[in-house]
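Trainee: The annotation disulfide bond is assigned in Swiss-Prot to Cys58-Cys63, Cys88-Cys113, Cys121-Cys134, Cys171-Cys184, Cys186-Cys199, Cys205-Cys217, Cys212-Cys226, Cys228-Cys241, Cys247-Cys256, Cys252-Cys265, Cys267-Cys282, Cys288-Cys567 (among others). According to Swiss-Prot, the domain 'Gla' annotation covers 42-87. What Swiss-Prot lists as domain 'EGF-like 2' is 157-200. Residues or ranges marked as (3R)-3-hydroxyasparagine in Swiss-Prot (evidence: experimental evidence): Asn177, Asn219, Asn258. Taken from Swiss-Prot, the feature region 'Thrombin-sensitive' applies to 88-116. Taken from Swiss-Prot, the feature signal peptide covers 1-24.
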Amino acid sequence: MRVLGGRTGTLLACLALVLPVLEANFLSRQHASQVLIRRRRANTLLEETKKGNLERECIEELCNKEEAREIFENNPETEYFYPKYLGCLGSFRAGLFTAARLSTNAYPDLRSCVNAISDQCNPLPCNEDGFMTCKDGQATFTCICKSGWQGEKCESDINECKDPVNINGGCSQICENTPGSYHCSCKNGFVMLSNKKDCKDVDECVLKPSICGTAVCKNIPGDFECECAEGYKYNPVSKSCDDVDECAENLCAQLCVNYPGGYSCYCDGKKGFKLAQDQKSCEAVPVCLPLDLDKNYELLYLAEQFVGVVLYLKFRLPETTRFSAEFDFRTYDSEGVILYAESSDHSAWFLIALREGKIEIQFKNEKTTKMTTGGKVINDGLWHMVSVEELEQSISVKIAKEAVMNINKPGSLFKPTNGFLETKVYFAGVPRKMENALIRPINPRLDGCIRGWNLMNQGTSGVKEIIQEKQNKHCLVNVEKGSYYPGTGVAQFSINYKNESNPEAWQINVSLNIRPSAGTGVMLALVSDNTVPFALSLVDSATEKLQDILVSVESMVIGRIEAISLCSDQQTFLEIRVNRNNLELSTQLRKDSFHSEDFQRQFAILDEAMKGTVVTYLGGLPDVPFSATPVNAFYQGCMEVNINGVQVDLDEAISKHNDIRAHSCPSVWQKTKHT
């Protein structure tokens, strides 16, 4: 506060105005003398012309309010000063102003008390924590704040962390406000850089290499992760990777097989299902090439049973009756039994068969045993009328009413008993006890059809009525040459793949002509116990209406030809050659090779299996686990197979599903024919 000079009134007048009546006591003689001596003003004519002075006017002497106004020359300072001035007088003038003493006891004397009144910064009005300096003014003051404080008295902390200009206080991560300041800090997993603002990630994987145990440590911002391979999850207790049992989550529609690090879904191909594109759900194996499966109950199918006869009839006729048989016959098969007849006591028998495509007759009676083969080849897939008639001294065989054989015979074929000729007739087979009693052994299985039969001149003998409701005894109306796999079973063979000159060597050379009617199925498989060390399959391709050809060892695919068109009315030639070191897979348009170096484990598995005993299956798999191969559906369609240079005859199989047709295949369904 400025201290200004001015005119001063008389001290006595001032005291007369301001002193309360109760305090206006007379001074002692000693004090009165001292006052008069010490406070005597200069008696000069120039006194009133001097500039007002606080020391002279209000300390050395007493001043009134007007005189104080003349000192400060402004009202605000005067109004501020004078009440406090009176307080100082009350404290330090003996016997005066005793009521104000308590508020001024911080000063040692009157001079200190009065001089302090004009300093607005004393006592300090500013916040001690926030001010830097206090600037005195006219009845006012100004607090100069330290950095980080604001307000009239520097009482308010500035939150630097919310400064819109300096976002987050310039901290890269955490800004913490403090009274008058702030500081930056880092999140867990980070350390502060020397600039005290930016944070740097801590690489825990480098600091503690064993922190994840057997898992892989991956550093991430502010932390780390212990990673396991797909199909595993991290165990923080053991610090290792545990296999995830995905099958427990019911991810697969049918069968789920869990294995270390993964799982596989399987569908029951034997029931007509395959794995969908999502590799989890199952869908029906679709037909990609419709076939003409129309049947006629008037056509008797001779290959209904792989083992045993198709039909058995017994005749009891007058003793004058002679044996006769007439029928229409159609086949592509080259060998098999058409009819077999015998007497009731089994002493005489008569056989009509086919060998190398020609009619063969074998018979035995009480006088002779004979066998004759002759006539033209009739296994051309066309209908041929065949008649066999016992004459008085010979047996006549006719094809299309033209005699092709005339066999002499002494006596009757069958001897009457008790005035009757009792005869048993078997279709497409012979009684088991007679299989080894024939003059020349023959494979009795015959894939063929007969119609319009007339046995012993008795017409159809009620056979039509017997077979009418039995679909499996009906023949297909339209067939072509080939072998047909309906997708319901397999054919089993025992084939030696070993090289006779080198017992350690083996070879699988397979050629196939295929015309699939479904795009997924196992064509050929070699089985060892419950494992499948080799399989040749086809699957529907990811490309619509195309198929892939797969070669697999157990559950691993080691060869593939992708996206070829197999479902057409034309057959596709496929060849595969395999030995212990190499695999070649080829079609008419493409040839691929796969070497043991690429699939060492798989070729080792195959080599070990081939040194032992394997069973060959065509058309599918036996009862092995779903997971044994990538594909387990039965093959559906036509297929002819040659293995190591030998054409496979399904009639020679160890076992065969009855629905598999060894030498006939349904024709492709023609839309125009059925409209």
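Even glycines carry a Cβ here, placed using N, Cα and C.
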Trainee: Helix, strand or coil at Cys113 (disulfide bond), per DSSP?
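Mentor: Reduced to three states, the DSSP call for Cys113 (disulfide bond) is helix.
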Trainee: Helix, strand or coil at Cys186 (disulfide bond), per DSSP?
Mentor: coil
Trainee: Using the alpha carbons only, what distance in Å do you get between Cys247 (disulfide bond) and Cys288 (disulfide bond) once rounded?
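Mentor: One finds 32 Å between the Cα atoms of these residues.
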Trainee: Looking at the disulfide-bonded residues Cys58, Cys134, Cys205, Cys252, whose Cα is closest in space to that of Cys199 (disulfide bond)?
Mentor: Cys205
Trainee: For Cys184 (disulfide bond), which of the listed recorded positions (Cys58, Cys134, Asn177, Cys241) have their CA atom within 10 A of its CA?
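Mentor: Hits: Asn177.
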Trainee: List the disulfide-bonded residues among Cys113, Cys186, Cys226, Cys228, Cys265, Cys288 whose C-alpha is within 10 Å of the C-alpha of Cys217 (disulfide bond), in sequence order, or say none.
Mentor: Cys226, Cys228
Trainee: Could you list the residues of the same chain, at least six apart in sequence, whose Cβ is under 8 A from the Cβ of Cys121 (disulfide bond)?
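Mentor: In sequence order, Cys134, Lys135, Asp136, Phe141 meet the Cβ cut-off.
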Trainee: Where Cys288 (disulfide bond) and Cys171 (disulfide bond) are concerned, what is their Cα separation in Å, rounded?
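Mentor: That comes out at 68 Å between the alpha carbons.
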Trainee: Looking only at C-alpha atoms, tell me how far Cys171 (disulfide bond) is from Cys205 (disulfide bond), rounded to the nearest Å.
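Mentor: It is 26 Å, counting Cα to Cα.
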Trainee: Can you count the other CB atoms that lie within 10 A of the CB of Cys226 (disulfide bond)?
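Mentor: Here the count is 20.
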Trainee: Sort the residues of the domain 'EGF-like 2' (157-200) into helix, strand and coil with DSSP and give the three counts.
Mentor: 7 helix, 16 strand, 21 coil
Trainee: Using a 10 angstroms cut-off on Cβ to Cβ distances, just flag whichever of Cys58, Cys63, Cys228, Cys241 is the loneliest among these disulfide-bonded residues.
Mentor: Cys228
Trainee: Pop the Cα-Cα gap between Cys226 (disulfide bond) and Cys63 (disulfide bond) into the table, whole Å please.
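Mentor: Roughly 88 Å, rounded to the nearest whole number.
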Trainee: Compare the C-alpha of Cys113 (disulfide bond) with the C-alpha of each of the recorded positions Asn219, Cys226, Cys252, Cys267, Cys282, and give the closest one.
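Mentor: Answer for the nearest of the recorded positions: Asn219.
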Trainee: Where does Cys265 (disulfide bond) sit in DSSP terms: helix, strand, or coil?
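Mentor: The three-state answer is strand.
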Trainee: Return only the integer: C-alpha distance in Å from Cys241 (disulfide bond) to Cys226 (disulfide bond).
Mentor: 9
Trainee: Taking each of the disulfide-bonded residues Cys247, Cys267, Cys282 in turn and counting other Cβ atoms within 10 Å of its Cβ, which one has the fewest?
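Mentor: So among Cys247, Cys267, Cys282, the disulfide-bonded residues given, the one with the fewest Cβ atoms within 10 Å is Cys247.
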